[in-house]
Amino acid sequence: MPTPPLLALRGVCKRFGVVQVLKDVELEVRAGEVVALLGDNGAGKSTLVKVISGVAPADRGVIEWEGRAVQIRRPHDARDLGIATVYQDFALCGNLDIVGNLFLGREIRNYGFLDEVEMERRTRDLLEHLTTGVPDLRAPVVSLSSGQRQTVAIARSVLGDPRILLLDEPTASLGFEQTTLVLDLVDRLRDRGLGVLLISHNMGDVKALADRAAVLRLGRNNGFFDVNTVSQEQIISSITGATENVPRRMAPREEAW
Amino acid sequence: MVKGIRKPADRTRADSAPSTAESGPPHRGRDIVRAVEALAAAFRHRVRAGELGSFPVVLVLLAVWIVFQTLNENFLSPRNLSNLGVDIVGTGLIAVGIVFVLLIGEIDLSVGSISGLAAAVFAVLNVNHGVPEWLAVMVGVLVGTAAGTVQGASFAKTRVPAFVVTLAGLLAWNGLMLYILGTSGTINIDENGFVAKLTSHYFSNDAAAYGLAAVGAGLVFLASYWDRRRRRAVGMPHRSLLEIGVRTGVLAVIAFAAAYVLNRFQGLPLALLIFLVLVAGLDVVLRRTHYGRQVYALGGGVEAALRASLRVVRVQTAVLAVSGTMAAIGGLFLASRITSVSQTSGSGVLLLNAIAAAVIGGTSLFGGRGRTWSAVLGILVIESVASGMAITDTPIAVQFMITGGVLFAAVVIDSLSRRSQEAHGRA
């Protein structure tokens, strides 16, 4: 291997109280690559995202960034490394316009006053790179469609020049047309050399977009696939556990919850 | 290969906003028509998007003025309008503080009591204890700031709704005021002092009012012009010179008309000057600073603000501190108007009028939408009704009913425009 992966997890474990949510999870994301993270409900996908984004740090295991071990204890650590997360519920301010949302908390200032012109210019340049239909930058976000809002949320996370983007179910609440809009955006981000970790339930999205897929099952790795060569059935059976030779293990704690 | 066939959806709304209007050189007449069309298009765009802003309240104000002028020809006399310009200041300043609180989606019920408390502190220190007037004024205002900060911090840290915290404040600060006043009852303040002058001083030189109108219109023009130049320099959509001219022109006509009317009575009232400067300054703070952006963001959603790592507790505390400070300043103007402080200072309909003014002016009760200027328009409506009632000898009962009706209409418009905005998003 000439270059180490951008982000690599080695033997990551995480427990909440008595529940072992993640056990010895391995994962690699390279620059310019979309990795789909798949798994049934309760497989530990969201927890893995929280581990990487520093919201819920790992108990054990090593996280490597470009080949060297790093500590991610807080969201701040992840952000400093260049890890950006887009959560499922966009978390935008509906009353602010697109420019206001993109730069919220990191406004460009000029003698203490907001530099609206510069912020609007950068927003326009960024959105022109990301998407074809740039909406009215001064319209309040509440008047945008959900696909456009997702675009704004992703653009907001890209603004900090991250190296890796974590997307938690980016198309879950979107219609067909809106989904294409967002998938196209992720495609462009990959072309710009970002690593993307895409959590999705939608096999269509995964086939259309991902280069590799990593399947989690009951908190453990349950296979890595090259999306272009493997069949959809193989991935699905890995998600549901049909490929396991051993009888289906009980997951007493998780199901009890 | 599936990647190749995805076609990006183009959901861009055809934006007819004025930004793209360009002025062609020779035909001034056609240019003006085009600028007016652009303004009208922008207006229709905003109405459809549920952003009526101050438009309904301007209509209401005009209606109120026309009705009372037909009932009594003295209503629009320079004397009455000039008095109106002074009457709006006390409650108007309090309403400006309320605008800040409404913007973060909360409400402050304590402003009436705080205004009375600040006035009482000033009067007792200055009149009863001989403290120099400037120092007593400072202490009075700072008491308001402190009261607001205490409420803000307890609301932000404990997550008890501001409604409840300030309801406790309403009682507590009123009690403190009565305690400070003690047995003295009514305190008359020095009629020639600085505080009394706040509402009794007029700049009788005609140049003052016209100067203010000129400076205001000039600043607005320069700000838009600089904005246009910077946008043009980086190739961004910008307003045409003509449109800036039309906008500034309309503003200038209103400003100079007001100045003319004021000069036909006693000139520019000091109180009105202070009020307008404060409102304009706070408008800049809200819309052009990092702090103001945080205030709007909190109104749009605390969760989003937290994710953007805004200091939510600090902003919430600061907003109630601003509202307490403005209440105290407003209280001093109210005391100045009647040159006395009594046990009834800050009580009665003052609180309700201040909140009603902010809402009638177009500040949303749901947070996140509104400007300081809405307090000016709202209080103008309320005081116009009050003044018209007084001039036509109508009983105060009717006045309450009319103000209540206007407030009700304002709330309904706010709610409807909010819903239309959301529907607009789904369209």
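First residue shown is number 1, and so on along the chain.
Keep in mind that glycine also has a Cβ here, set from the backbone N, Cα and C atoms.
According to TrEMBL, the feature region 'Disordered' maps to B:1-28.
Sequence-distant contacts of the transmembrane segment (B:52-72) (same chain, six or more residues past either end, CB-CB distance under 8 Å): 43, 46, 360-362, 371, 373-374, 377-378, 380-381, 384-385, 387-388, 391-392, 406, 409-410, 413, 417. What TrEMBL records for B:52-72 (among others) is transmembrane segment.
For B:84-104 (among others), the entry in TrEMBL reads transmembrane segment. Only residues 6 or more beyond the boundaries of the transmembrane segment (B:84-104), in the same chain, are considered here, and those with a CB under 8 A from a CB of the stretch are 111-112, 115, 162, 199, 258, 262, 269, 271-272, 274-275, 278-279, 282, 286, 295-296, 298-299, 315-316, 319-320, 322-327, 329-331, 333-334, 336-337, 350, 353-355, 357-359, 361, 363-365, 367-372, 374-376, 378-380, 382-384, 386-387.
Per TrEMBL, transmembrane segment is recorded for B:111-128 (among others).
The transmembrane segment annotation in TrEMBL covers B:134-153 (among others).
Residues or ranges marked as transmembrane segment by TrEMBL: B:160-182 (among others).
Per TrEMBL, the feature transmembrane segment maps to B:202-223 (among others).
Residues 32, 35-36, 39, 78, 81-82, 85, 209-210, 212-214, 216-217, 220-221, 224-225, 228, 268-269, 272 of the same chain lie 6 or more positions beyond the ends of the transmembrane segment (B:244-262) yet place their CB under 8 Å from a CB of it. Look at TrEMBL and you will find B:244-262 (among others) tagged as transmembrane segment.
Residues of the same chain lying 6 or more positions beyond the ends of the transmembrane segment (B:268-286) and with a Cβ under 8 Å from any Cβ of it are 82, 85-86, 88-89, 92-93, 96, 100, 103, 197-199, 201-203, 208-209, 212, 216, 259, 262, 292, 295-296, 329, 333, 336, 371-373, 375-376. Residues or ranges marked as transmembrane segment in TrEMBL: B:268-286 (among others).
What TrEMBL lists as transmembrane segment is B:317-336 (among others). Here the transmembrane segment (B:317-336) has Cβ contacts under 8 Å with residues 89-94, 96-98, 100-101, 103-104, 106, 108, 110-112, 114-119, 122-123, 137, 140-149, 151-153, 155-156, 162, 166, 189, 195-200, 271, 278, 291, 295, 298, 345-346, 350, 354 of the same chain, all six or more residues outside its ends.
Long-range Cβ contacts of the transmembrane segment (B:348-366) within its own chain (Cβ-Cβ under 8 Å, at least 6 residues beyond either end) map to 52-54, 56-57, 60, 91-92, 94-99, 102-103, 105, 107, 109, 111-113, 115, 170, 299, 330, 334, 373-379, 381-382, 400, 403, 406-407, 410-411, 414-415, 418. If you look up TrEMBL, you'll see B:348-366 (among others) marked as transmembrane segment.
Non-local neighbours of the transmembrane segment (B:373-391) in the same chain are 54, 57-58, 60-61, 64-65, 67-68, 71-72, 74-75, 80, 83-84, 87-88, 91-92, 95-96, 98-99, 275-276, 279, 283, 353-354, 356-363, 398-399, 402-403, 406, 410; each lies 6+ residues outside the stretch with a CB under 8 Å from one of its CB atoms. Among the features that TrEMBL reports, transmembrane segment is placed at B:373-391 (among others).
Long-range contacts of the transmembrane segment (B:397-416) within the same chain: residues 50, 52, 56-57, 60, 349, 353, 356, 359-360, 362, 364-366, 378, 381-382, 385-386, 389, each at least 6 residues beyond the stretch ends and with a Cβ under 8 Å from a Cβ of the stretch. Taken from TrEMBL, the feature transmembrane segment applies to B:397-416 (among others).
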